[in-house]
Structures are given as C-alpha cells and as structure tokens.
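Submitted below is the structure of interest, expressed as structure tokens.
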Amino acid sequence: MKLYSEAAAAVNVTVPEHQVSFDPEASWLKFHLGINRYALYSRDDPAVTRLLRDMQATAPSGHHLKLALKLQNFGKAMFKPMRQQRDQETPDDFFYFVDFQRHNAEIAAFHLDRILDFRRVPPVVGRLVNVTGDILLTTHNEDLKSVFFTSPANNTCFFAKCLYVCKTEYAVCGSPDLLEGSMSAYLPGLSIAPRISIPNPWIRSYSFTGREEWEVNPFYCDNIKQLYPYNSGNRLLNIIDMAIFDFLIGNMDRHHYEIFTKFGDEGFLLHFDNARGFGKHSRDEISILAPLSQCCIIKRSTWLRLRLLSQDRYRLSDVMRESLGGDTLRPVLAEPHLQALDRRLQRVLKSVHRCVRRLGEAQVITTDFIDTANTPGPVKPVAAPDNKT
C-alpha cells in the first residue's frame, strides 16, 4: 500500500480512501507468477481464464490516461477504445506509422497468438465501459476530469493531453456513455521483472522516402547471423516467429521487441502492441515475411502448427472464429479478415517450401530450443517443457 500511494502521488492521483486488501489468489498475480522463459503462460493455465473474466467484469476503482484502469486487488489493465469500425479498411494512402489503433486487433492478436501456441501476447479481452460511471465519476484526477465534455450529439467524450493529435476533434465518445474497447493485462512492474527494448533487425524506415538495408540487400540475413545475439541460441528463430505472426495480422509496425532480462538471451520475445494489425484484408504485405524468406529457417514446432492449421479440419479461420466467439464484443473480426488469415497462412507455407527446395528440409526446419547458457563450445539442443506440438 505504501508503494502504491507513492506511485499515485508521483502522477498526481489521489488514492481513494476505502479498504483495499491484497489477495494472494488474485488472477493477475497468478498470471504474473506463471511467466517463464518459454511463454507468458502455460497452455491450460486457469489463471488466464480467470483473468480474462475479471477484466470483463471487475469495476475500475481509479483511472488515468492512457486509459490505464486500476482494478480491485491492485490489478491493472490497459483500455484501448474503439476508433474504427470492424468493416473499415485502412485507407490506401495511409503509411503504417500513421495507421489507426484498433481495439479489436488487440483482442484478435491475443487469440491468434494463443492458437499458434506462442503465448507471448498478454491476455486481452473486449469490454464495454461506461465512460461516465466507470471513469468520470470514479476518478480523483483533476487533469482527467478536465478533458471530458459533452458532444453536440449529447455523447460523453474525452481526449488526451499529449504532444500529438490530442485535441477535441480526436476525442473518444461513448454512445451516449457506453464505449467498447480492449482490456490488456499489465505485466509485472519493471522493478520486479525488468525488460529491455531492442530494435528489430528488420525495422522499417519511419520516413516517407527512406529504405532500410534489408529492403535492398538480399544477403542481409547472412550479415545478421554474424552479429550478437543472433549468431547463436534462439533469438533469430524467435524473430522469425514474430514475423510470421505479424504477417498473419498484417502488422508492419514492429520497430522494437522486448524481452525479460531474467531469462537472458534465451528468453522469448514479447509480442506487444498489436493495435495496427488487421487493418487490411484485401492486401497481403509480403515484405513482413522478410526474416523468413531471407534466413530460410523456422522452428519445427512452428512449422508443424502452421501445417495443422492449414488442414480442413483445423482451418485457421475456423479456429479463430470459434475462439473469438467467446469474447463479449463478438464478432471481433469482420469475415474478410478471417478469410485473409487462411490466404496468408498459405503464403507462409509456400515461403517455407521454397526454402526447402533450395536448401533441404534439414537446414530449414530446425530444432526449437537451443540452450547456450551452460554449454561451452558448440550449442546443444534441448527440449522445452510445455511447448511441444
């Protein structure tokens, strides 16, 4: 409670004067305790199911922008409000770095990540929030209260205070009070579970005319393989997993990735911030697959899972549709986006097949996990618990 009060004071938030008890069985705490070097949660972790349910139902007890909701028992979740209708596509003239942030993309990305058995996206669930009752009337932050207003259509709206696009014309409005959005679970604090952010080797140019080396050099991956930490261990394999995931959701905005420092170089990559996915269903951005097509290497478990999801009995679009059907905001994705998943999956498989024809399966389909931490000399493949296909 002391640490919580200090943090609240640092951001000019008054702590509500009511009884707050710490629950060692809280779902968010169980989720945090279940994080390991291979994934954020195990396949059948009941804490994740409870956490999704809690984020749907638990009332906020405080709130500050960027819509960070403080829930009961010290839980915390990020709320991203709806900014675009499900059937709208990103305009052709939009660059990826000015694209909309889509709440339903965050929800769908969590489900896809779980279906692919990566388990690297923090749990996300859809929710309807009453912006008056759940936010305006519960906050003790005067700065937050000052950005609320009533629109000419008599809807309750609010906008952010920041350097960019934070004016009333960019406000978020309820209808008249209800607002749908995504609720993403917070990870443990940096003081408890430190993370570092690392530039993606296949980062894009965030300018109107620039191009990066990987876009013009077909041997770019050969250079990357010589550099730490991509010259041994699992990091490059995890980068390729991330590229496949981003290609399936159509996300071009993966400029950095994060890892937990506790697990060293062998830890998994966090697939954070997926709100710019699922913007276009009519176009496949094949350049996102550059790490796969240039390096021609893929984890065996990833390869087997993709092949499974290409079969009629376990078709990716069908599995996603069923998984998303349990969310409060269903349908989360418009049908064309679901169909695009099947088409993109086939393109991933074809990319792997081309590599196999050129280099042979033994060189392309590789052992999943390589432990280099305690192994002098040549790297030694090891099995990973709870991560087999």
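Just so it is clear, glycine is given a Cβ too, placed from its N, Cα and C backbone atoms.
Annotations in TrEMBL come from automatic prediction, not curation.
So TrEMBL says this about it:
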BINDING   Lys80, Ser184, Ala185, Tyr186, Leu187, Glu258, Asp273  ATP binding site
DOMAIN    148-364  domain 'FAM20 C-terminal'
ACT_SITE  Asp253  active site
BINDING   Asp273  Mn(2+) binding site
Quiz question: given the binding-site residues Ala185, Leu187, which has the greatest number of C-beta atoms lying within 10 angstroms of its own C-beta?
Ala185
Output, ordered by sequence, the same-chain residues six or more apart from Ser184 (ATP binding site) with a CB under 8 Å from its CB, or 'none'.
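Once residues fewer than 6 apart are set aside, Ser184 (ATP binding site) is near Ala77, Met78, Lys80, Glu106, Phe110, Pro122, Pro123, Val124.
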May I ask for the distance between Ala185 (ATP binding site) and Asp253 (active site), taken between their Cα atoms and rounded to an integer number of Å?
21
Along the domain 'FAM20 C-terminal' (148-364), what average pLDDT does this model show?
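Mean pLDDT, the domain 'FAM20 C-terminal' (148-364): 92.
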When you measure from the Cβ of Glu258 (ATP binding site), how many other Cβ atoms are you left with inside 10 Å?
16
Return the residues near Asp273 (ATP binding site), defined as same-chain residues 6+ apart in sequence whose C-beta is under 8 angstroms from its C-beta, sorted by sequence, else 'none'.
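Same-chain residues close to Asp273 (ATP binding site) (Cβ under 8 Å, separated by 6 or more) are Asp253.
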Using only the Cα atoms of Lys80, Ser184, Ala185, Tyr186, Leu187, Glu258, Asp273, which the record gives as binding ATP, return the largest interatomic distance in Å, rounded to a whole number.
20
